[in-house]
């Protein structure tokens, strides 16, 4: 089974959590694209979706799924999204696709966060995957200096502007032994919009695509 087939297995397995008549929170990325394909088979049965990115919105609309603005809904039953890394405590690094801020907002209003990944994303300690930080452009250099003080090696993601009009710093060399503390520290730097650490709001359900199929941990 290829990596993409494992992603597909995870994405389609998440469909069991979708309730008829509900509005579904939808993330961003290659694994989520498989979930969106699956959700398309229920387009007549759900009310619609709240999307975390322009890319996912376009894909959902192409399948006839109505898009709701985040401000139109008080809460969501579920939010389905992938991760770049996930540890045993279900804390994650996300934001490789630069949609971290909107992903964090949609995750915050969801009752249940369902993380869909392939087996390569599970790690003992977060930080091998570079940690994305969304930054207001004028604060880029200042934030980078503060990230160095925290032990990181920040790298400006050239040519990338987020859906919110900001830039991304990818922080290398972080061995993240206390994700919640680091999330607070980085979010406290003036000019940071948010960091791609999902520690305070981790996953409630993890669906992992494996060569044997989807493995669900609730």
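Including glycine, each Cβ sits where the backbone N, Cα and C put it.
Taking Cβ-Cβ distances under 8 Å and a sequence separation of 6 or more, the neighbours of residue 103 (active site, proton acceptor) in its chain are 27, 28, 52, 53, 81, 94, 95, 198. Taken from Swiss-Prot, the feature active site, proton acceptor applies to 103.
Per Swiss-Prot, substrate binding site is recorded for 28, 29, 30, 31, 81, 82, 83, 84, 94, 95, 96, 97, 121. Classification of residue 121 (substrate binding site) by DSSP places it within a helix. Around residue 121 (substrate binding site), the same-chain residues at least 6 positions away in sequence with a Cβ under 8 Å from its Cβ are 82, 83, 84, 85, 86, 208.
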DSSP three-state assignment (helix, strand or coil) for residue 103 (active site, proton acceptor): helix
Residues within 8 Å of the 28, 29, 30, 31, 81, 82, 83, 84, 94, 95, 96, 97, 121 Cβ centre (excluding the substrate site residues themselves): 27, 32
Count of other CB atoms lying within 10 Å of the CB belonging to residue 28 (substrate binding site): 29
